[in-house]
Amino acid sequence: MTPSMLPTEHYDDQLSEKIHRLEQMMQPFGAPAVQPFRSPVSHYRMRAEFRIWHDGDDLYHIMFDPQSKQRIRVDQFPAASELINRLMPLLLDALRPNPTLRHKLFQIDYLSTRSGQIIVSLLYHRTLDDAWKQAAEALRDALRGQGFAIQLIGRASKTKICLDQDWVDEVLPVAGRQMIYRQVENSFTQPNAAINIQMLEWALDATRGAEGDLLELYCGNGNFSLALAHNFRQVLATEIAKPSVAAAQYNIAANQINNVQIIRMSAEEFTQAMQGVRAFNRLQGIDLHSYECNTIFVDPPRSGLDTETLGMVQGYPNILYISCNPLTLCDNLHTLNQSHRITRLALFDQFPYTHHMECGVLLERR
């Protein structure tokens, strides 16, 4: 596979291999059959990052081969959204003859949405001044004149110049509802929108008929919390990153949801609060013991759940666990499987044509 060419004819084969691999990994835990969720075979990534290579008067996107480390010119990137692919050549055509905008430009990041909005971040190894801002504003206006709903951001060491705003609003159809999600530049968002929709609908189905309240750790911009709010009396969610918390609060209001409470703290801090180890000013006015959380939702980093959080998670009757790294999921399952059993197992093909697997498990207390 090269960045400019996807082996779409082998999509089914690579998905079957992942299903088999996940089944083998989950066999020791008595897991049920894998429920696979397919990705679009192309244009599935809503974000992309490229280094920029300068070659005389020319400049172009590049990526590096993972094995040989050789640079590869990328004029089109079929893994990325059609919106990103439409913009890529037009953006470079505008940058090439512009010395102010191209000088020491080393990277371009794209974040697009199904709703047609896009953020472009230009990264530099130099100080950005008023001349850069004026040139960037002219570029933004020209691209908007060509029909792009674009936000343009400049970044350099300890500098961020935001011409208008650093966010876009995504709209996802989830189980018959149009869910609005504000996505902030340089913050985590699910890269594959089609798979994200399927993950949300799977999580909704897995928790249908659930009793009591939901606790979510690592909630980000509220991606899962807000969709799952319809299945629970109340939702209590934690997130440590300030931009994500602000986006989550906006998303709560935009979706007119009134039963979700976001707390800005880490999973480790929340564990300490629940155990009474520490008191936190951020929890003033929030009675943790008023929540009857029978279900906990976790979508941890690649490293999985730490030991203390793992012990806390075991205290809940139902555990919904989304993992971007089945190896650390299996490590966690050696502990969780002692108190809970896996009743549902899903494979989400978030990253087609790579060895990466995203999966979900529902565990119920034995």
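Positions of Cβ are set from backbone N, Cα and C atoms, glycine also.
Among the features that Swiss-Prot reports, active site, nucleophile is placed at CYS324, with the record citing sequence analysis. Under the DSSP three-state reduction, CYS324 (active site, nucleophile) is assigned to coil, being neither helix nor strand. Applying an 8 A CB threshold to same-chain residues 6+ apart, the list for CYS324 (active site, nucleophile) reads PRO301, ARG302, GLN350, HIS356, GLU358.
The active site, proton acceptor annotation in Swiss-Prot covers GLU358. For the recorded site, GLU358 (active site, proton acceptor), the DSSP three-state label reads strand.
Here TYR218 (S-adenosyl-L-methionine binding site) comes close to THR238, GLU239, ALA267, VAL298, ASP299, PRO300, PRO301: these same-chain residues lie at least six apart in sequence, with C-beta atoms under 8 angstroms from its C-beta. In three-state terms derived from DSSP, TYR218 (S-adenosyl-L-methionine binding site) belongs to neither a helical nor a strand segment and is classed as coil. Marked as S-adenosyl-L-methionine binding site by Swiss-Prot on the basis of sequence analysis: GLN190, TYR218, ASN223, GLU239, ASP299.
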Other same-chain residues whose Cβ falls within 8 Å of the Cβ centroid of GLN190, TYR218, ASN223, GLU239, ASP299, the recorded S-adenosyl-L-methionine site, in sequence order: PHE188, GLU216, CYS219, GLY220, ASN221, GLY222, PHE224
Around the Cβ of ASN223 (S-adenosyl-L-methionine binding site), the count of other Cβ atoms that are within 10 Å: 27
Cβ contacts of GLN190 (S-adenosyl-L-methionine binding site) (under 8 Å, same chain, 6 or more positions away): MET46, ASN196, MET199, ASN223, GLN350
Fewest-neighbour residue among recorded positions, criterion Cβ within 10 Å, set GLU239, ASP299, GLU358: ASP299
